[in-house]
Structure formats: structure tokens, C-alpha cells
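Chemist: Dumping the structure here so I can ask a few things about it.
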Amino acid sequence: MDLDAITKHSASHAKPDGLILQYGTAGFRTKADRLDHVMFRMGLLAVLRSKQTKSTIGVMVTASHNPEDDNGVKLVDPLGEMLAPSWEEHATHLANAEEQDLARALVAISEEAAVNLHQDAFVVIGRDTRPSSEKLSESVIDGVTVLGGQFHDYGLLTTPQLHYMVCCRNTGGQYGEATIDGYYHKLSTAFVELSKQASCSGDDHRTLKVDCANGIGALKLKEMKHYLPQGLSVQLFNDGTKGKLNHFCGADFVKSHQKPPEGIEMKANERCCSFDGDADRIIYYYCDVDGHFHLIDGDKIATLISSFLKELLLEIGESLTVGVVQTAYANGSSTRYLEEVMKVPVYCTKTGVKHLHHKAQEFDLGVYFEANGHGTVLFSKAAEAKIRQLAKELEDKKGKAAKMLENVIDLFNQATGDAISDMLVIEAILALKGLTIQQWDALYTDLPNRQLKVKVADRQVISTTDAERQVVKPPGLQEAINDLVKKYKLSRAFVRPSGTEDVVRVYAEADSQENADSLAYEVSLAVFQQAGGVGERPQPGF
């Protein structure tokens, strides 16, 4: 390791004085003009991680659903999964090291992680469409090359596409071909094969309007359209030709504001969906004949997919386990429907994709979706082998069901949540089951809910257990919440500290919107009084 060369190169990627950043679930995110040093250093770290794992490592330059002026970076581990927690700590330490301490920090990481510095390293890089992304990705490459790493720059990619590339490169092509053409070919072939089983339906049923958040999803969906059959008509809106990234559009905007994005023309009962800025989240929605907006979030997506998978498994007579993984934010109606109607076991984890992904790996077929629309399905190696074997052996209805399951395996991006992949799965299932978006929405009715934030002096005064559904401290707060919940029908409430700011997040649901609002207000007040609230006291009616 040529520490002098690293120090020299680092001087042209100087760290702003006093800037401290934390590598979180989404990697690093902040204003784009504060990230040059972080990008250079993540190039260095990716090389060390590659040497340590003897694998290709990915670096994605994106800030997902954040405003266009922000940017960020995250590393992708060998099987396309998120960076290991111990290396998140290394990333934070390296990003925050002062200029004169950088060389020492690199040596410390190398020693602590037992990195063989003579091992070859290979890093792949992708970026979104933000104006700052190209220059920042060049800083990553500078970091990779100064440490002697080899690299391939894929240029513009969705985040899930980079995860796919990393997985392909580290599995000897077993997962697929590590090119953009390979990605489109794998997904489109599976979609075409799966859709062949659908009885013909009118064009109206197969038209989908997609809000691309003025992001990378638009470019990649345009490319993919050439691979898709005529039967699926996809109309793109907010495609980046005008309008800013994530500005009044995209999955996060639609979910948080509970209204359609700007820039999309919606007629009654038309099927619409939104991607987020880097195309790893998707949510569906429509307006009814009375003009009312209906949101179909990750909970309902998970319900549609898991019920379809269970039906196919019943058809082939296999006792493979299906599990659905949710967070405490999942609507209570979805949990009840899955457990009581579909008889599918549901498990709750802490908030954050890595927790859901990890839990989903415990099942033969693990379905996970956050309410925000980020999710996928994981198939165990044994389940995948069994399904592929049955697809060859079985005939008639059972054989057809096994082949459909095999196509579903290939259609999901098992490395991470992928808006394009999830969209194709959903469209295939709706066509196969002959469901309209209204019928899908009617599977169950969401309980009214309300989310609020309470400013506190120190968010660390609150600690939780039971997948963030119970407060452990301060003492007495959980008892107060329990007493408030008892006042309302079909109600529940929980509070959890924010991961990024000194606020406590409050979630409440009940049998009516009025009751959900009242419960959320009363719980907020309890938090304010017992957990060191600052500023204005919570008010009824917000």
C-alpha cells in the first residue's frame, strides 16, 4: 500500500473541516458538494473489502428519493447484499478521518479485518442521473486506482441493477450475465414465459402508467421496453426530460402525501405506479370514479405476491415454507389478512431493509416488503433446486404451476428490492389472476393510521424492544401508551427514535381516521411529557 501516493491523491479530495457523517442503511447521504472526499475514500474501502472477500465489490453513487441537490454512496457486498455491519463502521471511521490521519486509518482497517494487501481487487461502479453523480463517481475511481484496484464503470444504472451485476460476477454467471443486456434478457424472458399462461385480456387491462420520478428508472425502463411483449403497454411519465428528480413525484412523494404525483394524467380506475429516484421502490395507486385516490403500498404488494406463491405451492403439492416479513409500520389489516385468511405466517423485524432481508432468508420462500414499497422475494437454494427439478418432472396442472414458480424465481431480483423487477411480477400476477387494480385493492381495507414526529432533546432517552413495538425506557411510557390504546377499537400504537435526527416517530392506527388521529396526538403528548420534548407541545388536529 503506497501511503504517500494515497496522501497525495487525497489532498485533491480534501475533507471539509468538522464534517462528520454516518454510514447508515442507505450508506452516506448529504449535499452533493460535501461528498468528494467520501467518494474517494469509499473507492479505497471498496478495494480493501474486495481484497478481504476475494470478490468483486460494488459502489453505487445515488441518494435515492432525496432531493436532486443531495447525493450519496453505498457499497454492495459479494452476493449483491448490503455492506456487512462491521464494514459500515469502517466506512464511517474512514470517511470522518482527518486528512493527516487517513493513512493510519487505512492501515488500521487492513489490520483489523486481516486484509491480504497482495490480493487482487475488482470494483464495479454505477451511478444515478443526478447532475453531480458523474464527477463523484470519478472520485470513487480515483480511490480504487490509487490502491491498485481494477474496476469496471457501468455508468448509468438503477441501484438494483448494480446489485445484480455484483451478484452475477461473484457467482460465475450462475445468477445471470453481468451486463445490462443480460439483466433485461433474464427478466424479460421470465416475464414472457410467465405471462404466456394468462388468458387473453383486453388492452385496457394491460396498460400501466409509470411515474419514473424524473430519475434513472425512466432511462432503464425505456431501454427495457424493447425486450417486452406488445401485450404490456407501459406509458412513462416524469421521465427526466423536464422536471427535477423526486420533485412532487416518485414513490416517496406519493406515499407520504397520499396523492398522485404531478406530471401524470390519471383517468378513473387506471392502473398507475411510481418508482423512487434510484428505482428500488415501487408503489401502485388509482383514482376511483368519484375521484378518490387509492394507494396500494408495500403491504398490499406483499399480500398479492405471497398469496400467489402459496396457491402455486398448493397446486404442486409441495410443503415448502412461505414467510412474510414486515415491520411495525405494516398496516394491521394486512397482517390479519395474511395470517387469518391466507394462513401465511407473518414475522415482524426492526425497521430497515437489512433486518427484513436477513429474516426472509430463514424461509424456503421469504417475502419482504416495507410499506414504502421496497422489497423482493428470496428463495432458498434448496427450494430453488426443488422447484427447478419439479418443473422438469411434473406434467399437466402441477407441471404448469412448477414452471410458473420457476419463472417467478428468475423474475425477482433476489439481491435487493427492484422496482422494474417487482413491477413485472405484479403485472404478470394481475394478468394471470385476471384481477383489476380495484379487485386487488379490495383484498382487505387498510385501517386508518397517522404518523407524527415529536422533537426531543435527545432521542437516545427512548429505547425499544420487540421489533420496536414496545418501549423499554423511559419507564412508564409504554404503560401510558397501553392505556391510551385501550380507549379505541382495533387500535395499536408504537413510538421509536429516529435514526437520523432528535425526533421520536409516532405511529397509531384505529377503526376510524378520527380515532387514529386522536390516538396519535395523545401518544405524542405522552412522549413529549415523558421523553424530554422540546419546542411546541403537540396539538390536537396537528
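Glycine too: its Cβ is placed from the backbone N, Cα and C atoms.
Remember, it's a predicted structure, so these values are computed and weren't measured experimentally.
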Chemist: Looking at Swiss-Prot, Asp276, Asp278, Asp280 are annotated for Mg(2+). Which of Ser64, Ser86, Ser491 sits in that same site?
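Modeler: That Mg(2+) site, as Swiss-Prot gives it, pairs Asp276, Asp278, Asp280 with Ser64.
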Chemist: Return the single residue from the recorded positions list (Thr62, Ser64) that has the minimum number of other CB atoms within 10 Å.
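Modeler: Each of the recorded positions Thr62, Ser64 was scored; lowest Cβ tally within 10 Å is Ser64.
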Chemist: Please report how many Å separate the Cα atom of Asp276 (Mg(2+) binding site) from that of Ser64 (active site, phosphoserine intermediate), as a whole number.
Modeler: 7
Chemist: Of all the binding-site residues given, Asp276, Glu370, which residue's CB has the most CB neighbours within 10 A?
Modeler: Asp276
Chemist: For Mg(2+), what surrounds Ser64, Asp276, Asp278, Asp280 with a Cβ no more than 8 Å from their Cβ centroid?
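Modeler: Close Cβ neighbours, site residues excluded: Thr62, His65, Thr158, Thr159, Gly215, Ala251, Phe275, Gly277, Ala279, Arg281, His374, Ala419.
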Chemist: Just to be sure I understand: of Asp278, Asn372, Gly499, Arg505, which binding-site residues have a C-alpha no more than 10 angstroms from the C-alpha of Thr62 (phosphothreonine)?
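Modeler: Cα filter at 10 Å returns Asp278.
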Chemist: Is any of the recorded positions Met1, Ser64, Asn372, Pro497, Gly499, Arg505 within 10 Å of Asp278 (Mg(2+) binding site) (Cα-Cα), and if so, which, in sequence order?
Modeler: Ser64
Chemist: How many whole Å apart are the CA atoms of Arg505 (substrate binding site) and Asp280 (Mg(2+) binding site)?
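Modeler: With distance taken Cα to Cα, Asp280 (Mg(2+) binding site) is 24 Å from Arg505 (substrate binding site).
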Chemist: Taking the Cβ of Pro497 (substrate binding site) as the centre, count every other Cβ atom within 10 Å, in any protein chain shown.
Modeler: 21
